[in-house]
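Engineer: Residues or ranges marked as Ni(2+) binding site in TrEMBL: 2. The Zn(2+) binding site annotation in TrEMBL covers 73, 76, 89, 92.
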Ligand SMILES: [Zn+2]
């Protein structure tokens, strides 16, 4: 499953950061998941709960923030947050838009115990 490999690399990232900060454990992991990232939050948190047991995150709480799609319109220069998967500007209906957020998954914050 796609989400499993994401969690595996997330754990590696957490372990590297913990090492860097000489932390003994991680208490909280905060993620941003874009609606267009292709990541299913429910599956991701399920995978996290499974994998964390063998890692430095074993006591960590996972917080997922869903990032809506944000479009920048090249026609009317408006920036809009849209609820659906579209590239149409809700202000002027132009399709000359650029996705500026909501496409990626990011590690936002780690709370560590040192
Ligand atoms: Zn527009």
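Yeah, the Cβs are placed from backbone N, Cα and C, and that goes for glycine too.
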Engineer: Which state, by DSSP, holds residue 2 (Ni(2+) binding site): helix, strand or coil?
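Structural biologist: Going by the DSSP assignment, residue 2 (Ni(2+) binding site) falls within a helical segment, counted as helix.
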Engineer: Give me the non-local Cβ neighbours of residue 73 (Zn(2+) binding site): same chain, 6+ apart in sequence, Cβ-Cβ under 8 Å, ordered along the sequence.
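Structural biologist: For residue 73 (Zn(2+) binding site), the qualifying residues are 79, 80, 89, 91, 92, 94, 96, 97.
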Engineer: Should we count any of the binding-site residues 2, 73, 89 as near ligand 1, judged by a CB under 6 A from one of its atoms, and which?
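Structural biologist: From 2, 73, 89, counting a Cβ under 6 Å from ligand 1 as near, the near ones are 73, 89.
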Engineer: Reported as an integer number of Å, what is the Cα distance between residue 2 (Ni(2+) binding site) and residue 76 (Zn(2+) binding site)?
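Structural biologist: A Cα-Cα distance of 37 Å.
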